[in-house]
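Student: Structure incoming, see below.
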Amino acid sequence: MHVTEGDVELVVPEQPESGVGDAVFFNPVQEFNRDLTVAVLRAHEAAADRDRPSYLDANAATGARGVRAANAGYDATLCDHDPDAATLCRENLARNDLDAQVKERNANALMHEERFDVVDLDPFGTPVPFADAAFRSAADLVCVTATDTAPLCGAHRESGVRSYSALPQNTEYHAEMGLRVLLGALVRTAARYDVAATPVLSHVTNHYVRTYLSVSRRATDANAAIDELGHIHHCFSCLHRESETGLIAHPPDACPVCGESVATAGPVWLGRTHDTGFVDRVRKQVTGELGTASRAFDLLSTLDDELHLPTHYDQHRLCRRWSRSANAMDEFLGSLREAGYRASRAQYGGTTFKTDATVEAIEAATDGA
Ligand SMILES: C[S@@+](CC[C@H](N)C(=O)[O-])C[C@H]1O[C@@H](n2cnc3c(N)ncnc32)[C@H](O)[C@@H]1O
Ligand SMILES: [Zn+2]
């Protein structure tokens with residue numbers, strides 16, 4: 001089957017309907033993820049102080065990412081331990097007249113041996129088995145996809161605890177919970193090597209979490225990153241939540257609003273999940289030949305405005321609790337601002353938002369709506 005993504009043409013195997021089989025993996029739905037990666041790489045290259053920075057597609061499969069990185073001017077290496085995948089990578093590079101290295105190897109061994117400016121992890125499920133080697137190998141940027149959203153967001157709690165050494169809670173902001181659990185684990189992994197990992201762009205869909213972390217090899221920066229870890233105390237009864245930085249959690253004895261008990265998630269990343277300047281530079285690289293350009297542009301515009309606060313709310317859920325009909329989002333956010341609070345849309349869905357108002361304050365401020 002032939003697929004065109006951006007300016008490259010790929011041959012990809014038909015995928016078995018069951019999802020189980022020997023065919024080299026390809027998911028057309030991830031085009032959005034790959035398009036954004038191309039925009040990120042262009043932004044990184046424009047700011048890099050060297051020609052043709054190096055890029056490792058650590059879990060290449062058909063080579064969809066590595067071929068597109070080579071096409072974007074990177075000195076690309078495509079790695080997969082599956083011989084059929086390595087063969088397909090070579091074919092897809094040749095089909096597009098592109099020169100890149102293909103390694104039929106265990107990506108962890110390769111990353112322990114070689115340095116790359118950018119390392120991209122896109123494994124099946126959790127990226128944790130590749131994270132240590134990635135932070136040792138990458139000079140500038142580590143890109144990570146995690147498709148194990150149920151463990152990350154607390155729906156499969158034990159598995160989340162095992163993979164991420166953190167306790168997730170299955171709250172209604174589950175996508176953001178998953179992102180913050182993943183970021184917490186990645187930041188702690190990097191810190192083991194005196195590396196500070198700083199998220200510069202992150203997005204979440206139903207199927208996966210994707211994040212890009214810039215890398216600094218200064219122990220003081222790694223200490224500063226650790227300082228942004230902490231816990232979220234959540235009341236499932238009234239939805240009140242508060243966050244607390246630091247590795248030791250001090251949950252309140254009871255919810256300060258309704259008196260019920262609170263549940264604590266953590267350690268999680270409480271810092272910024274993106275850098276607005278970086279997001280702006282990536283947005284300038286979203287061009288018409290990207291198949292999902294308008295969706296990418298919308299996401300990056302939302303991120304540009306999103307408040308850097310853990311955690312988000314969903315207007316429809318809140319209004320259902322209050323037996324109110326939901327008004328237009330702009331009007332709703334306007335009421336919060338008029339009452340003196342900060343408020344923005346959030347990336348987690350059309351009715352999600354962030355504010356520094358408490359649940360009680362949100363209810364009061366938007367009551368006349
Ligand atoms: C989800 S697929 C990658 C999809 C691809 N990046 C894309 O965008 O279409 C995961 C790939 O990782 C490969 N893989 C799994 N473990 C690996 C390892 N230890 N070293 C290298 N590749 C590995 C698998 O063979 C599989 O092809
Ligand atoms: Zn409460």
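Using the three backbone atoms N, Cα and C, a Cβ is placed for every residue, glycine included.
Pulled the feature table from TrEMBL, pasting it below:
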BINDING   Arg34, Arg65, Asp80, Ala107  S-adenosyl-L-methionine binding site
BINDING   Cys235, Cys238, Cys255, Cys258  Zn(2+) binding site
Student: Where Arg34 (S-adenosyl-L-methionine binding site) and Cys235 (Zn(2+) binding site) are concerned, what is their Cα separation in Å, rounded?
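Tutor: That separation, Cα to Cα, works out to 37 Å.
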Student: Quick one: of Arg34, Arg65, which of the binding-site residues has the smallest count of other CB atoms within 10 A?
Tutor: Arg34
Student: Can you check which residue among the binding-site residues Ala107, Cys235, Cys238, Cys255, Cys258 has the largest number of Cβ atoms within 10 Å of its own?
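Tutor: Counting every other Cβ within 10 Å of each candidate, the maximum falls on Ala107.
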Student: Are there any residues at least 6 positions away along the chain from Asp80 (S-adenosyl-L-methionine binding site) with a Cβ closer than 8 Å to its Cβ? List them or say none.
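Tutor: Result: Asn59, Ala60, Ala61, Ala86, Cys89, Lys103, Glu104, Ala107.
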Student: Taking Arg34, Arg65, Asp80, Ala107 as the record's S-adenosyl-L-methionine-binding set, what's the max Cα pairwise distance in Å, rounded to a whole number?
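Tutor: Those residues reach a largest Cα separation of 19 Å.
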Student: Which binding-site residues from the set Arg65, Asp80, Ala107, Cys238, Cys255, Cys258 have a C-beta atom lying less than 6 Å away from ligand 1?
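Tutor: What lies within reach of ligand 1, judged by Cβ under 6 Å, is Arg65, Asp80, Ala107.
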Student: Which of the binding-site residues Cys235, Cys238, Cys258 has its Cα nearest to the Cα of Arg65 (S-adenosyl-L-methionine binding site)?
Tutor: Cys235
Student: Take the mean position of the Cβ atoms of Cys235, Cys238, Cys255, Cys258, the recorded Zn(2+) site. Which other residues of that chain put their Cβ within 8 Å of it?
Tutor: Phe236, Ser237, Leu239, His240, Pro256, Val257, Gly259, Glu260, Val262
